[in-house]
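Read the structure below first, then the notes.
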């Protein structure tokens, strides 16, 4: 898919289709008024006849509008003027792309980016249009023998900006939107891959493939033998029941002018399949536990976006690849593990395994002397109960970092909600036999999981994103969402100091 930006009048556009907005009730947007004027009232006559009310998402495709150079004009309902919000805007873009694909238009000039969206600027509107378009066109059919094909798929979109001075802003928005979309695409592809293909070695191979095409990226892998030497006993215990080797993949991106600048570290939980281990999960929907590597998929996707944007910062991404399976060699409830940090953990439930993998990785990253560390994981079902499918859970021991991530979520539309990390919750992890348990009980499950992780992050500023509710969808639209790539990518853009404002 090719994207570009222009600034110009609709009557001068020669394209397969022009896309313009209509407000409710039957009010033409400024661009639609220009088309109506040159067509001598053709469009307003149709609206007076009741062909389109202007409700959000309504579509009316016109052919051969008088005096208009383009073959088609697509009128898009945008709701009431000045009330268009970001959610409606993205829904309208999605519906527009679907309609354009059905018409067989291979290219279109879209003026929806000139609409007023509450609290949003040109950069946001263009970038979200790119990302929403790419997301709506995504399909995972790599393993299908019969692939569905659009008659004449949309290949080129031109987004219009109001003035020529905004062209540079629009071009930057397209650049960033394409990069984030590429990251989301990779995230979704890796996460949607079945667990008999996507194991820890596969995760590592995807990272190595990326390094082959990006000079600033170096990838190394750490297998079980080296983990044992490092004392990563907690991580190793989780993978003991699987015939697939646990592999930690380290992706080092050096983009800063000073290569010695402290790196930002992103850690992704990479349980390529989580059966629960000896504490076996119920059979219903267990197939979706291939998505328990959603954190690692988000990190590799964010690293892809980072490489595409060529941001001037140093970032390390870690994919904590592992598989939690039951066997005679599996770790058990009642086991006491000595973590890489030296702290001991009593295992109460082998299905609370993500934190046992992450705690050793969070200790391992101390060697990088990081500027900050963000881990992302499909960690707890409790977070899904608390926040549903719309917001990721955010926990942090550092207020400025938490505020940065919340802001990045609002900017990108990949929002998070901060949860408490109060000292009172730590008592729920007490064990009579070890320094802590790996389970705090049913109440406040996502909070006690984050409290557990916080005990391994004392040497740097840290935040934890629980994406259990946001990394994938179930039901009819089953599949990876591509989150948390947008929030992580936006955070890195903000940290890099790249100018994006008008």
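The backbone N, Cα and C atoms fix where each Cβ goes, glycine too.
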Task: Matching residue for the Mn(2+) 1 site, where Swiss-Prot names 351, 353 - out of 274, 427, 430 - done: 274
Task: Candidates 258, 287, 292, the one Swiss-Prot lists with 269, 274, 353 as binding Mn(2+) 2 - done: 292
Task: Sparsest-packed among the active-site residues, when each Cβ's other Cβ atoms within 10 Å are tallied, from 281, 355 - done: 281
Open item on the list: Using the CB centroid of 269, 274, 292, 353 as the Mn(2+) 2 site centre, which other residues of the same chain sit with their CB within 8 A?
Closed with: 238, 271, 289, 293, 322, 324, 354, 357, 377, 378
Open item on the list: Nearest of the recorded positions to residue 269 (Mn(2+) 2 binding site) by CA-CA distance, picking from 281, 351, 355?
Closed with: 355
Open item on the list: Using other CB atoms within 10 angstroms as the count, which residue among the binding-site residues 274, 353 scores least?
Closed with: 274
- [ ] Would you mind pulling the DSSP three-state label for residue 274 (Mn(2+) 2 binding site)?
- [x] strand
Open item on the list: Around the Mn(2+) 1 site formed by 274, 351, 353, which additional residues qualify by having Cβ within 8 Å of the site's Cβ center?
Closed with: 238, 271, 275, 276, 277, 279, 281, 292, 324, 350, 352, 354
